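K.L.:
OK, TrEMBL features for this one:
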type	residues	note
DOMAIN	A:21-136	domain 'Response regulatory'
MOD_RES	A:Asp71	4-aspartylphosphate
DOMAIN	A:165-230	domain 'HTH luxR-type'
Amino acid sequence: MTEQEDAMPQQGSSTPPEHIRVVVADDHPMWRDAVARDLADAGFEVLATADDGRSAVARTRATVPDVLVLDLNLPGLTGAEVCAALAAAQVPTRILILSASGDHQDVLDAVKAGALGYLVKSAGREEFLAAVRATAAGEPVFTAGLAGLVLGEFRRVKAAGGGSPERPIPELTDRETEILKYVATGMGYKEIAATLFLSHRTVQNHVQNIFGKLQMHNRVELVRFAMERGLDLADPT
Amino acid sequence: MAAMRSGAGQDHTGEPGGPGSAVTPASVPSPPALPYADGSSVAASTKAVLDDEHVVVRGLWRAVDVFRWLALAYAVWAAWERHEQIAHLALGVAVLGVLAGWTLAVTLRPVRTVRAYAIELAIGCSAILATRLVDDPEVITAGAKTIPSIWPTAAVVGFAVLRGWRGGLAAASVVAACSFVEVVEPTPNTITNSIFGLLLGGCIGYCVDLARSSHAALAEAMRLDAARAERDRLARTVHDGVLQTLAFINRRASDLGGEAARLGAMAGEQERILRTLVSQADLAEVGRAVSGDADLRGLLRHVEDDDVQLVSPADAVLLPRRVADEVVAAVEAALDNVRQHAGDDARAWVLLDDAGDEVAVTIRDSGRGVPTGRLAEAVAQGRLGVSSSILGRLADLGGTATVTSGPAGGTTVEMRIPNRRTAGSASRHHGRQPDRRAERRAVDGTDGRGAS
């Protein structure tokens, strides 16, 4: 998949980079250092780096950065598990998944567990920096590939009956489905806005709603999951 | 066995998915009982199964060896019982001696070949026919046993084991024919014994056929599983090392520019190819072909390149094989059209959307698009390639295809294919959800935290 070209932080440079604080988690020293250096060179503040899942959780909880740049395949915990642990601990840090793998299920799991965006490592440096800015601003970094996965997930949930009766999983509106399909066929927000005669901001709102619905499963399950995985939520080290 | 194998292969010879793509490990009952903890044990047990004849077949061979001795003892006892009526006792003893000699020989040195059993069958039949020389005709007509009695049955079972039900029936027929020749006027015994012989040869042969084919299926499943384990192992290594390095080279080299950027682009290209190659989506699909359904994601993987991206859900997009092939052909036609008309720098996306009762495939390109008024004209002229290769195919499948052009340029072809395999049974997702879920380690939800 070549998803790198249309991650679409078309806005998001509103926050000056020097005020964006980042933690980088990657088990490859080469990558970790390069990403941290790129961020530092571009004026971001790199608070810490981590080389496995547990230290990623611990350092993110300790420093509470604006953005956690998270490799999907860390030793110890998967990307989804790191996201779940941070969500369960109510850490407000936004998470950008950066991965060498195009593995579908992993990416979807991480996004469902709270990651705000996903970028393959083959993305260019500028694109990466823009994605970190967008993530810090709370804008989903959405590739066509990820949109396809998200669309598939809503289809699956709907076909499976929409969750348990007491806490149904929300369905997408027709307009949201339409926008998701546009994103999944490589259209930028601007193009979508032009096609649907909507404002750019409205399209962005729709996309954020889609993410919100995807992640709006209950917290109890998440906390229980984190406990089962032996993640101590009380004690950030 | 060979016939069964090739028969099973016919349905999915074109499957581009996994190696062979015949049987998914999950669909074969036996494999889960086998040790799969690591690659070496899989390899070892696979070898054990592949090298050895099936345990049922081996058991039958031992039974034949024992039966031959029992049959010989019975023949000797039967001859002893009626030795007064035997006209040429010495000759009878000689015949039994030959049978004993053969029995001893194959016990000491078992040979499980058609040739050896043909000799045994010939000896048995000769012994039956020799009864004519040993006994007086009146005694035979009165219903006396033949000298070898049930001894030739061992050869019948041998042929059944060697050549299945056909071999068993053929050998039993030869024995029966000799019995009829020997008695001249068939007695009720002759008829009954012949029918029993035919039943025995046919039934044992049929059981052996079944044992062999299930053995072959098991061996195939184990082979696929070993291949999958090996591929998983390779994929992990590639993910952890090669892909990271290639992506890193690409990234750094594009910063340097010039010649380095070109080298970086090559590394990036290889990274993309390798990532697609080791992506695990199709591994779970190995053998969905058994049910006659095909996963569009796997079938369309080949359309991906630098300019075309396949966007698909995490779950398989299943359509009946025939329908899926038509859809693939239509997508290829649409992409050909993009290449011809959308301009050199146009990119294209192929989106698979499985909405349950219908599957939608959307092909959008970022090219020049078609002025609204001229779209119908282009369709009419067949220039878009949509008239026959896309619209025609979709009509055949009971689906629809629409072509639209966006205000920002670019053409979108949307194909909708009714999915009859799920129509009216949305519960199919329920059916395969639990096992998928069990495989996932990731949590299924979060609290939608948006605060910062």
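For all residues, glycine too, the Cβ spot is worked out from N, Cα and C.
In TrEMBL, annotation is done automatically, which means it is predicted and not curated.
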K.L.:
Give me the mean pLDDT over the domain 'HTH luxR-type' (A:165-230), rounded to a whole number.
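P.N.:
The answer is 79, the mean pLDDT of the model over that range.
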K.L.:
How does the domain 'Response regulatory' (A:21-136) divide up by DSSP, counting helix, then strand, then coil residues?
P.N.:
55 helix, 26 strand, 35 coil
K.L.:
In sequence order, which same-chain residues at least six apart have a C-beta under 8 angstroms from A:Asp71 (4-aspartylphosphate)?
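P.N.:
Non-local contacts for A:Asp71 (4-aspartylphosphate): A:Ala25, A:Asp26, A:Asp27, A:His28, A:Trp31, A:Gly79, A:Ile97, A:Leu98, A:Ser99, A:Ala100.
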